[in-house]
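Here's the structure, in structure tokens; my notes come after.
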Amino acid sequence: MSYDPQPTASHFIDGAYVEDTNGTPIPVIYPATGETIATLYAATPAIVEQAITSARKAQAAWAAMTGTERGRILRRAADMIRERNHDLSVLETYDTGKPYQETSVADATSGADALEYFGGLAGSLTGEHIQLGEDWVYTRREALGLCVGIGAWNYPTQIACWKAAPALACGNAMIFKPSETTPLCALKVAEILIEAGLPAGLFNVVQGMGEVGQSLVTDARVDKVSLTGSVPTGRKVYAAAAEGIKHVTMELGGKSPMIVFEDADIDNAVSGAILGNFYSSGQICSNGTRVFVHRDIKEAFLARLSERLENAVIGDPMDPDTSFGPMVSERQMQIALDYVAKGEAEGARLIYGGKRIERDGFYMQPTVFADVKDDMVIAREEIFGPVMAVLDFEDEAEVMARANATEFGLAAGVFTQNLTRAHRVAARFEAGTCYINTYNDAPVEAPFGGMKNSGVGRENSKAAINHYSQLKSVYVRMGDVEAPF
Ligand code: NAD
């Protein structure tokens, strides 16, 4: 190991590492070997209390600073993250098992983008002036107060930064609870923010399972909850937040369609399908896991896909040549393998992979099913693993109806050379993030989030500002006040 991934302590509160070994132990398992590489402890009620008290105490002074001052700190943190990209990427690989080839370009770097972008926006956040004859109203854009971020395990650095950056830019404090499966990376984000000059208490990290998340969400001192997780967890967290009429952002799961028309560039479509199913070993919320391929090109598409899959370099995720790593946990691998068995039982044609790879760690092969039917379980449920379902279609109206016939609405993609068809299809997709002749790009400048059961609110872009701030209207009368008596 290039360095010891065991952090100084489990939690980061009020600018410093804090430990409480009375909490439930959380082993951190390196997915590539199955070894325990660190042990942390879930937050006890005393730790949660400490995190809330320190965040509440720090927030008012932070909100009173100018946006430019706040933004400068975030941008400094972005620079520091970029300078330390190598070590942060290695840690991300320890936490998640994703290949260094990916983590070195997609995780800390994406977190830095968010801090830089929202750091840049912070100084230009404004309200507006509304003239009403001689009177006027002005609006103040104010912070919400204390925001709680709860993360999934697939992008621990990125998720922490995508939530912290807009929250802090708007003058809020944030308590972040990482997934118990990947608790390491957010602690580094906290360390760096403090080193960059963030006042203590404004970004606290507490570890724990669902109960710790629940205790934060139900606390009356919390004003907003932003969750990245599955739809069932989203339902619980949204309901708990509703009890306290709290603001929410819900970034939930998906089962997104990718439609490949007969005129598509087949190699590009195959590239899109590979990115949208096998990057991060398929553990990406917006993955296009229902690949609808026009009947005329289906066999050509499948042949090219199988050829390209032979080029996957499966192995040690720390080796920069490795392009396909293990899954995050034994449990997640087992879930994906169970779906493979369901696909076979339902009569889908397994054309590639489907098996656990015989080596240490939680590796399974990239897997492709063809001849998948809409009602099969593998076409309806989110698998969150490297399992692609290829479905046939013949005409646009039919495929649009089938693509949209899902409870989810996170993402969708279309591959075609026909310009008007591409935009027509994008307009008809019931999904928050759509792609034309590409898949799974997520630049910080563009809104990201789901429709239907895939979520509420948007991350990234100027749109995120509306989810981390609120408007106050101030009415100013210039003349006398008229009253009826
Ligand atoms: P999960 O729903 O099991 O857990 C997510 C987080 O919620 C964890 O930190 C967990 O501890 C916490 N949690 C669980 N129960 C809770 C409760 N009752 N109250 C508060 N917090 C609670 O999800 P996961 O398995 O970690 O991640 C995979 C899921 O996340 C997939 O469904 C995936 O699609 C989704 N995801 C969505 C996005 C997006 O941006 N839309 C991004 C990444 C992952």
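Quick reminder: no glycine exception, Cβ is built from N, Cα and C everywhere.
NAD(+) binds GLY151, ALA152, TRP153, LYS177, PRO178, SER179, GLU180, GLY253, CYS285 as TrEMBL records it, and from the list GLU49, GLU69, GLU381, GLU382 the residue named for this site is GLU382. Between the CA atoms of GLU459 (active site, charge relay system) and TRP153 (NAD(+) binding site) there is a gap of 17 Å. Geometry remark: LYS163 (active site, charge relay system) versus GLU180 (NAD(+) binding site), CA distance 17 Å. Per-residue confidence over the domain 'Aldehyde dehydrogenase' (18-474) averages 98 (mean pLDDT, predicted model). With a cut-off of 6 Å between Cβ and the nearest atom of ligand 1, the recorded positions ILE29, TRP153, GLU251, CYS285, LYS452, GLU459 reduce to TRP153, GLU251, CYS285. Ranking the binding-site residues ILE29, ILE245, CYS285 by other CB atoms within 10 A of the CB puts ILE245 at the bottom.
Each of the recorded positions LYS163, LYS452 was scored by the number of other CB atoms within 10 A of its CB, and the lowest score belongs to LYS452.
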